[in-house]
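Features of the protein shown, as given by Swiss-Prot:
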| type | residues | note |
| --- | --- | --- |
| ACT_SITE | D127 | active site, proton acceptor |
| ACT_SITE | R129 | active site, nucleophile |
| BINDING | R50, V51, H52, S53, E54, Q71, E93, G94, R95, T115, T150, K155 | GTP binding site |
| BINDING | C55, C66, C68 | Zn(2+) binding site |
Amino acid sequence: MPIEFIATSKLPTAFGEFNISVFQDPVTGEEHVALSKGLENPPTGPVLVRVHSECLTGDAFASLKCDCGPQLQATQKLINEAGQGVILYLRQEGRGIGLTNKIRAYALQDQGHDTVDANLLLNLPADARRYDMCSIMLDHLKVKEVKLITNNPLKIQALKDQGINVVDRVPLTVGRNPFNEHYLKTKRERMDHLYQKDDF
């Protein structure tokens, strides 16, 4: 996937000051974001990295159906405390199926289907995300070694497949609530996420 660096700026946030960089696919116009801290000079060791797919409902509207918003905020806090790290914010709403289909899937979940079956009932993949842009974004930031903040083993393998040296995994268990317990259980049981049983 050809993407190009197009803009950067400082970004003060409630969790500390970061740099925000925008990368664009010149063919589709799709824009992805790197929110970084402490990378003004090339890092000399592994860097905290989270690959976070866009979730309008969770990130912007504080939806309780998922754990995306709390994960994003917890990562910003973690990186700010560490003084170095990057969030790759990928524009892949609804695990890559888009906002409209995501809301259609939500309607099916309201009828009792889990997050996997809801997608499949719409004739869509359970997870349609891609990660081929990550290596270009990390290369631009001079990040060579990664401590990946994730519970998803597929992300670890996807980054390794891009030639990224993932040296460690940092678990992230936040945002559990009565509305998303079934969703989190489904991610563990059907999508192989690395939650512990006592996380639920």
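Here the Cβ of each residue, glycine as well, is placed from N, Cα and C on the backbone.
Spanning the residues R50, V51, H52, S53, E54, Q71, E93, G94, R95, T115, T150, K155 that the record associates with binding GTP, the maximal Cα-Cα distance equals 22 Å. In terms of C-alpha distance, the listed binding-site residues C55, C68, E93, R95, T150 place R95 closest to R129 (active site, nucleophile). Closest to C55 (Zn(2+) binding site) by Cα-Cα distance, out of the recorded positions E93, D127, T150, is E93. The recorded positions listed here (C66, C68, D127) include C68 as those with a Cα within 10 A of the Cα of H52 (GTP binding site). Cα distances from E54 (GTP binding site) to the recorded positions C66, C68, D127 are smallest for C68. Geometry remark: E93 (GTP binding site) versus C68 (Zn(2+) binding site), CA distance 11 Å. The recorded positions recorded for this entry are R50, R95, D127, and the Cα of R95 lies nearest to that of C66 (Zn(2+) binding site). Annotation: R95 carries the greatest number of neighbouring Cβ atoms among the recorded positions R95, R129 [cut-off 10 Å, Cβ to Cβ]. Cβ neighbours of R50 (GTP binding site) (same chain, under 8 Å, six or more residues apart in sequence): Q71, L72, T75, I79, G85, V86, I87, L88, L148, I149, T150, L172.
For C68 (Zn(2+) binding site), the same-chain residues that are 6 or more apart in sequence and have a Cβ closer than 8 Å to its Cβ are H52, C55, T57, G58, D59, G175. Reported as a whole number, the C-alpha separation between R95 (GTP binding site) and the residue listed as 'active site, proton acceptor' equals 5 Å.
Around H52 (GTP binding site), a 10 Å sphere centred on its CB holds 21 further CB atoms from the protein chains shown.
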